[in-house]
């Protein structure tokens with residue numbers, strides 16, 4: 001596929017708008033799933049840990065399956081994947097309205113909706129990068145706020161729809177709204193050069209003739225010769241019978257020699273094809289070995305090893321508030337009359353502010369992004385420790401705003417990864433880190449829910465969450481001290497290797 005130079009404008013701004021609304025429509029409900037979480041607790045009567053799996057799967061499965069999502073977008077293009085994923089998200093939400101039990105929701109809402117969101121995120125990021133080069137950071141920043149705005153609006157919207165139409169009606173309406181992703185996806189026009197030849201023709205022209213078992217041209221010529229010889233023999237047989245017998249004997253000898261030559265040619269071509277397949281398999285195996293060797297080299301970098309543990313612990317401890325904060329308020333016996341705004345909406349709007357402010361700070365040369373990221377982790381841990389002491393709506397709202405702002409550190413995480421491993425290793429390292437981030441997203445809320453099921457209160461659960469985040473922050477701080485700079489610098493000088501997959505994220 002040959003692409004034109006990124007226009008950095010024009011139709012690219014349409015791509016930014018539709019990508020923003022795509023993330024808004026697909027991530028709005030999964031990120032604001034805390035409102036639905038309360039209703040599922042009452043509807044199915046399951047434990048908080050088991051029920052929390054629904055929202056954690058919806059937010060984590062896209063990260064876990066990020067390599068698969070990237071392969072799909074690379075193979076089929078952003079527009080087909082976006083349209084297909086729109087059906088997945090809408091269908092999963094509508095199917096969830098008919099869920100007879102919590103296990104059905106694991107599939108319909110957790111896996112189907114979560115995988116659709118991962119595909120849509122990868123599609124929007126990929127097509128935006130194709131249309132922008134100089135303004136790529138601005139474009140990606142604008143579309144990434146779609147998920148945070150979706151969290152802010154969908155938290156209040158879903159609560160209002162539940163009061164008016166019930167849980168089933170809410171999911172049906174939200175699923176119908178998600179069908180607008182199809183219109184957004186149809187506008188994702190690929191940036192393809194009009195002068196480039198069709199992909200099928202290019203692929204066929206590049207394949208050498210010796211790798212075909214049958215050469216169609218030779219086969220056609222041989223068939224024509226055999227037909228002519230057969231007609232010539234039949235004509236002679238009618239006119240002269242003795243000559244016909246002699247001619248037929250000669251023809252059989254000739255044909256037998258031709259058959260022997262054909263068998264030899266066929267065997268030769270089969271051997272060539274077999275050798276070609278062996279060489280191809282050997283080459284692929286060498287690539288896989290190289291990939292795993294480079295992976296082991298990454299983990300020899302102490303800062304990267306600490307970062308991989310940190311992102312896992314951060315998502316285990318830092319993600320549950322966005323899912324469980326509404327239930328925390330209900331457990332604290334806070335009256336609904338005291339609610340001025342859903343706590344999840346506060347988290348959503350402050351996450352948007354955090355992404356913008358922290359992203360701007362990271363652009364200043366005098367700011368060390370690694371230490372800035374560590375600071376956000378330590379502050380998040382302290383805020384999580386304070387949640388058990390919050391017994392009013394005002395204090396919970398303040399903590400929700402602080403946690404939402406600090407969660408905006410997702411916008412500087414690529415900077416931190418680049419500083420740790422170097423730009424040439426960014427794709428490889430980021431893919432590994434996002435896999436563990438998805439694992440943390442999937443495990444965090446169920447673990448906190450299980451703590452509540454065991455103790456019948458959230459205090460121990462959030463002490464555990466705060467401890468996880470603080471531990472990750474201190475580990476990264478220890479690894480980032482100047483005594484490890486030599487290791488970091490050595491890793492950034494490794495020979496460049498790039499890999500052909502991108503990563504999905506729910507940030």
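Residue numbering: from 1, along the chain as shown.
From the backbone N, Cα and C atoms, a Cβ is placed for every residue, glycine too.
TrEMBL entries are annotated by machine, without manual review.
Checked against TrEMBL, the range among 303-319, 320-336, 490-506 recorded as transmembrane segment is 303-319.
Here the transmembrane segment (80-98) has Cβ contacts under 8 Å with residues 22, 25-26, 29, 72-73, 104-105, 108-109, 112-113, 115-117, 119-120, 122-124, 167-172, 174-176, 178-179, 181-182, 184-186, 188 of the same chain, all six or more residues outside its ends. Within the chain, the transmembrane segment (137-157) has long-range Cβ neighbours (under 8 A, six or more residues past its boundaries) at 12, 16, 19-29, 31-32, 34-35, 124-125, 128-129, 131, 174, 322, 341-342, 344-345, 347-349, 351-352, 355-356, 359, 411, 506-507. Sequence-distant neighbours of the transmembrane segment (396-417) (same chain, 6+ residues past either end, Cβ-Cβ under 8 Å): 141, 144, 307, 311, 318, 321-322, 325, 328-329, 332, 334, 340-341, 343-344, 346-359, 361-362, 369-370, 372-373, 376-377, 379-380, 383-384, 386-387, 390, 426, 429-430, 433, 505, 507. Comparing 104-125, 303-319, 464-484 for CB pairs under 8 angstroms to the transmembrane segment (429-452), the maximum falls on 303-319.
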